[in-house]
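**Q** Here's a structure for you.
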Amino acid sequence: MDMKQALNRIASNLDLSRDEMKDVMRIVMNGEATDAQIGAFLMGLRLKSETIDEITGATEVMRELATGVTVNAEPLVDIVGTGGDGANLFNVSSAASFVVAAAGGYVAKHGNRGVSSKSGSADLIEKAGINLNMKPEEVARCVEQIGVGFMFAPAHHGAMKHAIGPRRELGCRTIFNILGPMTNPAGVTRQLIGVFTRELCRPMAEVLQRLGAEHIMVVCSKDGLDEISLATVTHVAELKDGEITEYDLTPEDLGIKSQSLVGLSVDGADESLALIKAAFGRSHDETTEKARDMIALNAGAAIYVAGLARTAKEGVDMALDAMGSGLAAGKMSELADFSQCF
């Protein structure tokens, strides 16, 4: 299928098959489509709503064209969000990555700079003194030896450059906003994924089910966070043993008291890093305790997804231990030191 055929199909409110979507995505990612065609394609998909087949095909092509990272370590997991929730919270998923590593997991963290937020995961990682410009084999060594490594998305998805202009000019969410979390360059099959709307929870779980994922939790909280929230109910679509189940979680279900998010918003990577370091330390003021609990909720779920705990609640206990013992702070320092060797 060529670009004009695809645009005519979408303009008629007709869906593309998985293979047709792969054809069109290759045209886009190989630089063979004009900016006008890419913009029309992205907006047309959004207006008619992307199907499971279309998202699956697009994900396959992004994975196919990515610069991969081969990691020889298990259990390998990622904690990632779509972004776009507008809450400007500190970098919960990045903080949780160090906690999971401290609990015995291996985290291949995939992320980018902030677009809608004031501190994206890459901004935080860089501020922590961690080298963003590593080769794939160097990232793999970080994961294997430290337990955590960071893959800077633009370095692994070079073909995305062809869509940057049209995406920026459109200025709204498109299919690319939901593809990032599903295109981890290390090929992880265990993930905690946060999304900006509950409507994406099950579709993303279904896409990853088709693509062979082992254990996935896709989450969105009632207050709109792409995280498990400390303040309210979080909706979950969980893929485990080949089956998808949907349910709601409260902080109390995981052994944590519900609390407001006041004090957890930040104005940039500096503030985010300071709050994470406090949470990893021995401070017991109210805001630090909230941050620690928020990290524990998400790290605990990831520890469970990694297979290191029988339940997410057990994972939360392990996460709190990893922070209280100083091991999580140690992982952050170790990665900063080790990554600067390259």
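Each position is counted from 1, following the chain as shown.
Positions of Cβ are set from backbone N, Cα and C atoms, glycine also.
OK, Swiss-Prot features for this one:
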type: BINDING; residues: GLY81, 84-85, 91-94, 109-117, SER121; note: 5-phospho-alpha-D-ribose 1-diphosphate binding site
type: BINDING; residues: GLY81, ASN112; note: anthranilate 1 binding site
type: BINDING; residues: SER93, GLU227; note: Mg(2+) 1 binding site
type: BINDING; residues: ARG167; note: anthranilate 2 binding site
type: BINDING; residues: ASP226, GLU227; note: Mg(2+) 2 binding site
**Q** Nearest by CA distance to the residue listed as 'anthranilate 2 binding site': which of the binding-site residues is it, out of GLY81, ASN91, SER94, ASN112?
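**A** Closest recorded candidate to the residue listed as 'anthranilate 2 binding site' by Cα: ASN112.
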**Q** Could you say which of the binding-site residues ASN91, SER93 has its Cβ with the most other Cβ atoms inside 10 Å?
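**A** Of the binding-site residues ASN91, SER93, the highest Cβ count within 10 Å belongs to ASN91.
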**Q** Whole-number Å only: compute the distance from the Cα of GLY111 (5-phospho-alpha-D-ribose 1-diphosphate binding site) to the Cα of ASP226 (Mg(2+) 2 binding site).
**A** 14
**Q** Considering Cα atoms only, can you say which of GLY81, ASN112, ASP226 is the nearest neighbour of SER93 (Mg(2+) 1 binding site) among these binding-site residues?
**A** GLY81
**Q** What kind of secondary structure is GLY81 (5-phospho-alpha-D-ribose 1-diphosphate binding site) part of, going by DSSP in three states?
**A** strand
**Q** Where the distance is taken from Cα to Cα, which of the binding-site residues GLY81, ASN91, SER94, ASN112 turns out closest to ASP226 (Mg(2+) 2 binding site)?
**A** GLY81
**Q** At a 10 Å cut-off from the C-beta of GLY81 (5-phospho-alpha-D-ribose 1-diphosphate binding site), count the other C-beta atoms across all protein chains.
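**A** Result for GLY81 (5-phospho-alpha-D-ribose 1-diphosphate binding site): 25 other Cβ atoms within 10 Å.
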**Q** Hey, how far is ASN91 (5-phospho-alpha-D-ribose 1-diphosphate binding site) from ASN112 (anthranilate 1 binding site), Cα to Cα, in Å?
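**A** Distance between the two Cα atoms comes out at 12 Å.
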